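Colleague: Below, the features straight out of TrEMBL:
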type	residues	note
DOMAIN	A:27-179	domain 'Sodium/calcium exchanger membrane region'
DOMAIN	A:209-347	domain 'Sodium/calcium exchanger membrane region'
TRANSMEM	A:5-23	transmembrane segment
TRANSMEM	A:29-48	transmembrane segment
TRANSMEM	A:60-79	transmembrane segment
TRANSMEM	A:85-111	transmembrane segment
TRANSMEM	A:132-151	transmembrane segment
TRANSMEM	A:157-177	transmembrane segment
TRANSMEM	A:243-265	transmembrane segment
TRANSMEM	A:277-300	transmembrane segment
TRANSMEM	A:306-326	transmembrane segment
TRANSMEM	A:333-353	transmembrane segment
Amino acid sequence: MMNKIFIILVIIGLPLSVIGSLLHWSAVIMFAIYCLTIIALAGFIGRATESLAIVMGPRIGGLMNATFGNAVELIISIFSLKAGLIGIVLASLTGSVLGNLLLVAGLSFFVGGLKYKRQSFDVYDARHNSGLLIFAVVVAFVIPEVFSASMNETDTMILSIGISIILILLYIAALVFKLVTHRGVYTNNNEDVEKKQEEEVPEWGKIKSIIVLAASTISVAYVSENLVHTFEVVGDTFGWTELFIGVIIVAIVGNAAEHGSAVIMAYKNKMDVAVEIAVGSTLQVAMFVAPVLVLLSLFFTTSMPLVFTWAELISMVTAVLLMIRISVDGDSNWFEGLVLLAAYVIMGIGFYLL
Amino acid sequence: MMNKIFIILVIIGLPLSVIGSLLHWSAVIMFAIYCLTIIALAGFIGRATESLAIVMGPRIGGLMNATFGNAVELIISIFSLKAGLIGIVLASLTGSVLGNLLLVAGLSFFVGGLKYKRQSFDVYDARHNSGLLIFAVVVAFVIPEVFSASMNETDTMILSIGISIILILLYIAALVFKLVTHRGVYTNNNEDVEKKQEEEVPEWGKIKSIIVLAASTISVAYVSENLVHTFEVVGDTFGWTELFIGVIIVAIVGNAAEHGSAVIMAYKNKMDVAVEIAVGSTLQVAMFVAPVLVLLSLFFTTSMPLVFTWAELISMVTAVLLMIRISVDGDSNWFEGLVLLAAYVIMGIGFYLL
Amino acid sequence: MMNKIFIILVIIGLPLSVIGSLLHWSAVIMFAIYCLTIIALAGFIGRATESLAIVMGPRIGGLMNATFGNAVELIISIFSLKAGLIGIVLASLTGSVLGNLLLVAGLSFFVGGLKYKRQSFDVYDARHNSGLLIFAVVVAFVIPEVFSASMNETDTMILSIGISIILILLYIAALVFKLVTHRGVYTNNNEDVEKKQEEEVPEWGKIKSIIVLAASTISVAYVSENLVHTFEVVGDTFGWTELFIGVIIVAIVGNAAEHGSAVIMAYKNKMDVAVEIAVGSTLQVAMFVAPVLVLLSLFFTTSMPLVFTWAELISMVTAVLLMIRISVDGDSNWFEGLVLLAAYVIMGIGFYLL
């Protein structure tokens with residue numbers, strides 16, 4: 001049923017997105033069309049990822065999903081960097097971290113928890129990820145903020161570049177650890193779960209899944225880019241500040257693909273994949289997208305230091321502390337989802353008023 | 001023996017409180033009388049709560065105790081709000097959080113630990129509560145502090161109101177979660193403990209317990225209110241600042257009822273109740289008393305934003321981080337109690353000197 | 001092989017240190033000689049400690065090592081205090097905390113992890129230590145920083161003295177807890193490990209170990225003190241700031257003894273000892289060396305408050321949060337070591353640029 005609605009939305013929304021953008025229709029109308037189209041495309045990404053997750057195991061499936069979801073963000077941010085909109089880039093990085101940790105994980109825990117009384121996920125992965133969240137957000141983002149207060153611009157930029165290189169190297173090391181040297185070392189607890197999942201029949205084959213995933217992601221990227229250009233008018237119309245658009249709107253729309261599939265996974269009780277999407281995507285934003293953007297910014301006219309506003313930084317740090325406390329036991333329920341969502345709403349109100 | 005002393009103290013203290021207040025005796029003498037009376041009344045509240053806890057189970061028993069204890073605070077704070085003493089209200093909220101987390105839990109762990117080498121309590125409850133502590137104190141209290149730095153007064157108040165409504169809704173959701181949807185879901189570990197407690201014979205019956213509890217609480221409220229009016233003179237006499245009186249004195253006296261019963265429970269090795277009193281009471285202050293006061297303040301001449309001083313906020317945040325680290329393993333001993341007490345003394349010295 | 005190199009280094013380095021210092025050789029050359037000599041002496045300390053650890057059990061062995069390692073620091077700091085170099089003392093305290101938590105533990109986890117896929121250590125000790133780390137660094141160091149912002153110098157000093165006394169008393173209480181009242185209470189999990197270790201044959205006897213340990217430590221102290229006097233010239237030569245020398249150089253050289261033996265222990269899969277050295281040494285610096293220096297400073301012309309710079313404080317707090325998150329599960333691998341080392345490098349770059 002939902003799948004049919006998504007097919008219809010894409011069949012109608014995608015051409016309308018192209019036509020409307022060429023014919024310069026009203027920005028507010030296009031905003032709605034773009035959003036619905038992306039949500040529908042997210043449905044396809046969800047199904048394709050799920051099929052691939054069954055074929056390739058929950059970890060690689062989740063990793064791929066995070067990659068495809070963040071490709072969209074990376075593209076949007078590069079265009080923004082080119083235009084010198086550093087504030088928007090940092091705000092949308094913040095928004096991705098908050099959106100993934102609080103909104104995506106919160107919705108997954110909440111929706112999954114409405115169906116299942118208790119859901120569990122890999123406690124080793126949760127611990128591994130929590131260490132990286134502390135490293136990336138609490139160490140690598142906080143240090144330049146505090147140190148730059150008594151540094152000149154050049155030294156701040158050198159520190160930012162140094163931290164960015166270390167973040168990327170550690171991100172690569174994390175992949176080596178997970179996929180090569182310690183593949184399967186920390187999974188004695190849920191062997192049975194994995195066995196069960198391996199026995200499941202994927203909806204689509206490997207090739208079809210990859211084609212759908214690629215086509216959907218490219219379409220999402222195309223539509224997202226157009227969407228960005230409607231933000232100014234929509235912001236003026238609805239009274240949204242630049243910061244609010246960066247942190248909340250770009251993040252929700254830019255991560256819609258992941259939202260969709262994470263919640264679907266949670267509803268199907270595949271919490272390992274849902275958590276991997278939410279937290280894995282956060283880590284990819286913090287340890288890969290953010291530092292890559294810092295380094296890429298060196299080739300543009302305005303270089304971007306890894307220095308957030310205090311409101312952005314404290315939001316991310318408190319979100320990380322909350323998510324770790326809630327996820328580190330490898331157990332979730334509707335209430336824990338609600339706590340994460342409530343934190344997201346509080347920060348949303350804050351950024352709206354700022 | 002101790003019970004007899006308490007009866008004598010109440011029989012002497014309660015009439016003296018009424019007479020002394022009417023005859024305008026010296027504030028310093030009345031201060032001592034009020035304090036002793038409240039401590040004695042706390043003994044009755046402890047015994048009544050214990051009886052009720054046996055009849056109704058540790059969770060409801062602890063919840064009731066926290067409610068009765070905080071009723072006193074709520075009443076004092078409403079009178080202070082009416083007088084426009086916003087600084088004192090925020091300071092006494094801070095003091096309640098610090099007092100419950102560090103002093104009550106610290107004394108419980110320490111006194112209980114002197115008798116028992118290791119004491120254990122429900123690890124699921126500890127995790128559940130730790131998530132809420134992070135949410136309430138680290139997210140909901142820190143965000144308005146940081147964001148209000150670049151906000152005007154109106155927006156700060158709007159943010160405070162929004163956060164207050166979310167806190168109250170989440171507090172209600174937490175009750176639904178604990179008492180309705182997930183009642184008994186997270187308790188597989190201590191079934192035997194609960195069985196044993198159910199087999200215990202309560203000192204008083206249900207009706208007698210409720211009557212004693214109600215009468216003692218009303219008396220505590222009456223005496224506490226009088227006590228507040230002695231603070232100015234006592235402060236001048238002993239050189240205590242307003243902030244110190246709010247954070248330390250109001251909190252100790254206002255929570256004496258809970259202190260008493262939590263420590264008694266710990267001494268009887270009922271750590272589930274002791275921890276529920278300390279942490280549950282903290283959560284009730286942060287998620288219910290504080291936001292209710294913010295909303296009530298709208299009806300008075302001076303409205304109160306949810307913005308603490310940095311000293312208050314950092315004290316609460318570090319107290320929460322310390323308490324979580326110490327309690328999350330569901331195990332306590334005298335040394336862990338001493339660590340919490342040491343943190344309380346450090347903050348006490350700080351607020352005394354500030 | 002390595003042992004022979006160390007013997008040769010000591011036989012050559014120690015006389016050269018004495019001669020070079022008397023003949024006023026070039027500071028940069030002496031710097032290199034001092035460093036190599038200390039590293040070689042650290043090898044002896046490591047072997048002596050290991051022998052003693054086998055004889056006396058991992059806890060006492062680790063404790064002794066931390067004591068001997070910090071004696072060096074205490075001596076250097078007293079000389080600096082006498083010279084009124086408060087900034088350097090606070091910086092080297094910071095450096096010891098960061099060095100032990102991130103560099104020593106990081107190297108231990110990394111090097112040990114290259115040989116063993118997973119290494120485990122006492123989870124009870126890790127929890128106990130994590131509570132003390134939060135208490136000492138997050139409570140006792142953060143509170144004076146935040147409160148002193150609105151305090152005069154006298155009150156800041158009174159607060160510092162109060163906190164120092166509490167820290168030392170709690171440090172003594174921690175020893176009583178660990179060695180007297182709760183000796184062996186929290187060790188049900190690794191009885192077999194301890195049995196195995198007790199069956200091992202120590203390289204040296206108790207007497208010989210103690211003599212080597214004492215002689216090496218005295219030599220390290222002598223060489224370290226000379227090393228300090230080369231810092232100014234070396235700093236000018238290489239462009240290092242005072243803060244960088246205090247935080248990074250003094251800490252690395254001053255803790256070389258512990259670095260060496262911790263990493264050797266990790267390589268021999270004795271993670272209990274390695275972690276006890278890294279974290280135990282941190283706790284000794286924070287709860288004993290730092291407060292003793294505050295109290296000793298009262299006898300010198302310039303008294304030292306327990307107030308770090310924000311860069312120092314935030315570095316320590318984030319290092320503690322990272323280390324707790326990584327160590328609290330009692331399990332380590334090469335990647336967790338790399339994360340700690342990456343955090344150390346980030347902070348190192350920051351202090352270099354500051």
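Cβ atoms here come from the backbone N, Cα and C positions, even for glycine.
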Colleague: Are there residues at least 6 beyond the ends of the transmembrane segment (A:29-48) whose Cβ is under 8 Å from a Cβ of it, and what are they?
Modeller: 2-3, 5-7, 9-10, 13-14, 16-17, 20-21, 65, 68-69, 203-204, 209-210, 212-213, 216-217, 219-220, 223-224, 226-227, 230, 234, 253, 256-261, 264-265
Colleague: For the transmembrane segment (A:306-326), find every same-chain residue at least 6 residues outside the stretch whose CB is under 8 Å from a CB in it, and list them.
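Modeller: Non-local partners: 90-91, 93-94, 97-98, 101-102, 105, 109, 130, 133-134, 137-138, 140-142, 144-145, 148, 156, 159-160, 163-164, 243, 247, 279, 290-291, 294, 332, 336, 339-340, 343, 347, 350-351, 354.
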Colleague: In the domain 'Sodium/calcium exchanger membrane region' (A:209-347), how many residues does DSSP assign to helix, to strand and to coil?
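Modeller: The composition, in the requested order, is 116 helix, 2 strand, 21 coil.
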Colleague: Give residue numbers and ranges for long-range contacts of the transmembrane segment (A:85-111): same chain, 6 or more residues beyond its ends, CB-CB under 8 A.
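Modeller: Same-chain contacts beyond the flanks: 70, 73, 76-77, 119, 133, 137, 242-243, 245-248, 250-252, 254-255, 258-259, 262-263, 265-267, 271, 274-275, 277-279, 281-282, 285-286, 289-290, 293, 297, 302, 304, 307-309, 312, 315-316, 319-320, 322-323, 326-327, 332-334, 336-341, 343-344, 347.
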Colleague: Going through A:132-151, A:277-300, A:333-353 one by one, which has the most CB pairs that fall under 8 Å from the transmembrane segment (A:157-177)?
Modeller: A:277-300
Colleague: By a Cβ-Cβ criterion of under 8 Å, what residues six or more beyond either terminus of the transmembrane segment (A:132-151) are in contact with it?
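Modeller: Beyond its ends, the transmembrane segment (A:132-151) has Cβ neighbours at 97, 101, 159-160, 163, 166-167, 170, 174, 279, 282-283, 286-287, 305-308, 310, 313, 316-317, 320, 323-324.
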